[in-house]
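This report concerns only the one structure given below.
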Amino acid sequence: MEDLLKLKGKNVVIMGVANERSLAWGVAQSLYQAGANLIFTYRLERSFGKLTKLLKENDYPAELVVQCDVNNDDSIKDAFQQIGEKVGTIHGIVHSVAFANAEDLKGDFINTSRSGYAFAQDTSSYSLIAVAREAKPFMTEGGSIVTMSYLGAEKAVRGYNVMGVAKAALESSVKYLSTDLGKDNIRVNAISAGAIRTLAAKGVGSFNEILHKVEETAPLKRNVTKEEVGDMTIAMLSHLSRGVTGEIIYVDAGYNIIG
Ligand code: N5H
């Protein structure tokens, strides 16, 4: 078959695999099928352990696995320096990281603390800007950056609270970054993924309710999987999407279009 994706041998950085349920892991699986070289970043030692185990179990090679704390500029700089030294050129980045303090995801949005608001923004939105800046010197052949968002960025989804505001900033950052990086043929897009049971969704009371509502209302009458998010993400990393930048692409069984 003709290689329509042109991802074979491309170097793609994946940030945010916490375990096998992670959207980032769904993307990694799709990218391995497409023949890309993968570089992973992790923050927690626990995530490093999970990732190493997943790679081993699946017999997947990793070009490099490097620690990166997205709350820290030096850590991001250092991680991308190491990646650049190892692979030379970076062709793609999958930014699949977010964090909000558990107490800011409970109760009323009005009670969001100043520090909790700042931390959610720093981790979930500013991190994309910092990553794009540090990666840019190595994206010399053009490239594609994809981040993960959620409907709560534009609609008030119960319980998403401070994360909704962070994702709104993230989606806006996608647009501004795409205007800066377009001249270097670097595209920036977000995938707005439907609700998927990841570690981030753990312990969320309203989660089952959301899954049921989507099943009833979405055009496709079902929820989506991390494999579906993975496949759309690699489409956005690939040659197929070369004319698309600054977009928010929904992988949500069509749920967002229903009024
Ligand atoms: C409307 C909903 C349900 C409410 C869910 C909110 C989810 C927010 C995402 C953030 C990233 C979750 C988060 O930061 C949890 C932390 O406070 C505690 N968890 C951790 O520390 C774990 C161990 C580590 C690995 O997590 C992180 N982030 O490092 C939205 C859902 C229907 C969809 C959803 C779950 C969206 C999303 O953004 O993930």
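Here the Cβ of each residue, glycine as well, is placed from N, Cα and C on the backbone.
Binding of NAD(+) is annotated in TrEMBL for Asp69, Val70, Val97, Lys167, Ile196, Arg197, Thr198, Leu199, Ala200; the matching candidate from Gly16, Gly26, Gly246 at the same site is Gly16. Cα spacing between Val70 (NAD(+) binding site) and Tyr160 (active site, proton acceptor): 21 Å, rounded to the nearest whole number. The Cβ of Leu199 (NAD(+) binding site) has Ala18, Asn19, Arg21, Ser22 as same-chain neighbours under 8 Å, each 6 or more residues away in sequence. With a cut-off of under 6 Å between the Cβ and any atom of ligand 1, the recorded positions Val70, Ala100, Tyr150 reduce to Ala100, Tyr150. The local packing around Tyr150 (active site, proton acceptor), expressed as other Cβ atoms within 10 Å of its Cβ over all shown chains, amounts to 24. With a cut-off of 8 Å between CB atoms and residues at least 6 apart in sequence, the same chain places Ala98, Ser124, Ser125, Ser149, Tyr150, Gly152, Ala153, Tyr160 near Lys167 (NAD(+) binding site), listed in sequence order. For the recorded site, Tyr160 (active site, proton acceptor), the DSSP three-state label reads coil.
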